[in-house]
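So that you can see what the record holds, here are the features copied from TrEMBL:
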{"type": "COMPBIAS", "residues": "1-15", "note": "compositional bias 'Gly residues'"}
{"type": "REGION", "residues": "1-20", "note": "region 'Disordered'"}
{"type": "REGION", "residues": "31-66", "note": "region 'Disordered'"}
{"type": "COMPBIAS", "residues": "36-48", "note": "compositional bias 'Polar residues'"}
{"type": "COMPBIAS", "residues": "49-65", "note": "compositional bias 'Basic and acidic residues'"}
{"type": "TRANSMEM", "residues": "140-159", "note": "transmembrane segment"}
{"type": "TRANSMEM", "residues": "165-183", "note": "transmembrane segment"}
{"type": "TRANSMEM", "residues": "204-222", "note": "transmembrane segment"}
{"type": "TRANSMEM", "residues": "228-251", "note": "transmembrane segment"}
{"type": "TRANSMEM", "residues": "324-343", "note": "transmembrane segment"}
{"type": "TRANSMEM", "residues": "355-375", "note": "transmembrane segment"}
{"type": "TRANSMEM", "residues": "423-446", "note": "transmembrane segment"}
{"type": "TRANSMEM", "residues": "458-480", "note": "transmembrane segment"}
Amino acid sequence: MASSGGGGSSGGLGSEGESAAASAIGSLDLDGAAASSDNRPGETSSNGDSERWQTRQHSTDDISRSKSKPRYIKAFGVDLSADNVAVAIVYFVQGVLGLARLAVSFYLKDDLHLDPAELYCFDFHCSDSIPLFGYRRRSYLILSGLLGALSWSLMATIVDDKYSAALSIILGSLAVAIADVVVDSMVVERARGEPQSTSGSLQSLCWGSSAIGGVMSAYFSGSLVDTYGVRFVFGVTAFLPLMTSTVAVLVNEKRLPLGENATSSSDSGLIESSKEHIMQIWSSVKQPNIFLPTLFIFLWQATPQSDSAMFFFITNKLGFTPEFLGRVTLVTSIASLVGIGVYNSFLKEVPLRKIFFVTTIFGSALGMTQVLLVTGLNRVLGISDEWFSIGDSLIITVLGQASFMPVLVLAAKLCPPGVEATLFATLMSISNAGGVTGGLLGAGLTQFLGVTKDNFQNLALLIVVCNLSSLLPLPLLGLLPDESPGVDNEQTKVD
């Protein structure tokens, strides 16, 4: 695997590259000394003169190297080196893919006629081991873009039932996951051993880029559905993942030797490599300082959700159009960017336990405001359904994004050297599994309370139960590291 240095500026230069550079500099020095001696006839060069001259030459080289050291533009406090730009663009593409989010929801609801409980099942949220064509990262980014383009092309053309739709959505999610593993491994390598604030800045760059992509596509996600239909939106979206394939050239990675690649790709080499990685992951995950925080993240994400039921309510009952929901998506995308800015400016040095506690309490309380929309009390207060929905979504999204950032920071800091990409992907998969579990629990509650696409009598009760259940993980905050601002990964401890 190509080594990436801390701070994100050294890319794939490892110790061998530094040694080669040092040897080249030494050769240039010797050549310069010889030329200097030849060009000064009549002068006798003593050993002392030669040493003093070489000292001055080294000093000049140091100054030259210092002046030629690249100075990068910063975003969210992170240098925009080539690798970091690649990471940011991959996350930007993930945000732009939100162009099809509303189209998928309306397609499943109106074309495939799914109920709220069924809609939950469609909410789907290895590269360090196996090189492809001599690269462990570039090849996977190219593959990710091609798979993503294929999945949305299928949605635009031949998908016509819920099973083929599920397969296409899974394929698209797989494409995003592949790119995630690659770029997240790069982020984890830079975050390892850094203070919480530095790791927070890296995650802010990633999710800030995603939010910017979401802002750029948000409004059109609704207006295009209204004007041209969902198939057209799927077709346009199919071109977006190809950006991920394009930016692969920015990843600073040296091609592996052919023999090494062949060995790694052989059956025996693959099996041994897989076994080794599985053992490394297991030995890492079973450590209390990794297992306990991961357990908390899973439980925190696994509380029931009422999102799909609310989508049916605002479209079937309140009559919100795709164009208006596109405006709401635009507002929430901007709010997501604001939430990242709030975290990056004020919260990235706050202990994790405090952030989780405060944001969970406020999030539960603010989530209850949806009851006002369901019961119509907002109109009694003189607030229209549209304006209430926009304001409610804005506030909840800012808080939700600010509370989700610590999950990413914690996951990045838990990863030990050697299995960064695989373990980070495992931790985030566990987090997503918690979200899927919460969706399934929400689906069960939705069906149990009799909430359907036409019956919303118990929707208010469903919202109350889901928001109160989000408080259940709070007694388990002791599973998180007792971390103060600026404390390194090795210094964290769990009660």
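The backbone N, Cα and C atoms fix where each Cβ goes, and this holds for glycine too.
Those TrEMBL annotations? Automatic predictions, nothing curated.
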Residue numbers, six or more beyond the limits of the transmembrane segment (324-343), whose CB comes under 8 Å of its CB atoms: 76, 95, 98, 101-102, 200, 204, 207-208, 211-212, 214-215, 218-223, 225, 314-315, 386, 389-390, 393-395, 397-402, 405-406
Remote residues contacting the transmembrane segment (228-251) - C-beta distance under 8 A, at least 6 residues beyond either end: 12, 82-83, 85-86, 89-90, 92-93, 96-97, 99-100, 103-104, 106-107, 111, 137-139, 141-142, 144-150, 152-153, 155-157, 175, 179, 182, 186, 221
For the transmembrane segment (458-480), sequence-distant contacts whose Cβ falls under 8 Å of one of its Cβ atoms, 6 or more beyond its ends: 292-293, 295-296, 299-300, 303-306, 309-310, 313, 352-353, 356-357, 360-361, 363-365, 367-368, 370-371, 374-375, 410, 442, 445-446, 449-451, 494-495
Distal contacts, the transmembrane segment (204-222) - CB-CB under 8 A, six or more residues away: 75-78, 84, 87-89, 91-103, 183, 187, 233, 321-327, 329-334, 336-337, 340-341, 343-344, 348, 401, 405, 408
